[in-house]
Amino acid sequence: MMEESGGAAAAAAPTTTTTTTGNEVEHTGASNIKVQVSYGSNNFDVFVLPQSTFGDLKMEIAKATGLEPEAQNLLFRGKEKDENERLDMAGVKDNAKVILTENSPTIDKDKDKDEEEEENVEKVEEEVKEISKGVEAVSLVRKENDEFAEQVGSLEAVVCSGTQVSDKDFLFLTEMLMRQLLKLDGIDAQGEGRIQRKLEVRRVQGLVETLDDLKVKNSNPNPNPNPNPISNVPEASATKATQEWEVFE
């Protein structure tokens, strides 16, 4: 009796066989359903159990196309389906149509991302290098300006002591400082280098203005000039003129 029951059960169980013809994968069996797969300009059918998952369907598609399951996207009714979702639960019935698309390889995305990051790093390094070059160039000009500033200071001490100096000294220093301004103008500086260049330009301009003032003072070495050289000018008028000059300054 046990053997007869076992034999009856085995006979009642559905059998499934697999055949492959061209690009069509077919599982013949009473419980299988046919799923029409559209892949670009190609169309083919696969046969699976309705209780199968979309992951199982990808495996069958891989047999027909050679496209690995992880590289497949399956769309049913316009939505991408998760590979763990069952076909019957998603509403896939016999002769249902599924669209197959191919994933872009993850390795290519990672490669593009790495290349982009590498380009950004190189760009930042290049910018830092340019800034450093500008700062270094300004620093070299600043050292030269330090020497000219000392010469202007020495000249100022002599002039303020009441000693006259040759106009050639003023012309020489003024010409050298103007050359320094040209050097600074020719420096291609970015960021911090640009700020340093601007400060140094102002410094040189200040030295040139100091030389101009010293040149005027050198032409009149008398430390106590007569504020009222014309004797016939009334005292009130001289006082008024002095007040107006102070207001102008």
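Backbone N, Cα and C define each Cβ position, glycine as well.
In TrEMBL, the annotation region 'Disordered' applies to 215-249, one of the ranges 110-144, 215-249.
Listed ranges 1-27, 55-81; the one TrEMBL annotates as region 'Disordered' is 1-27. Taken residue by residue, the domain 'Ubiquitin-like' (31-100) breaks down under DSSP into 19 helix, 28 strand, 23 coil.
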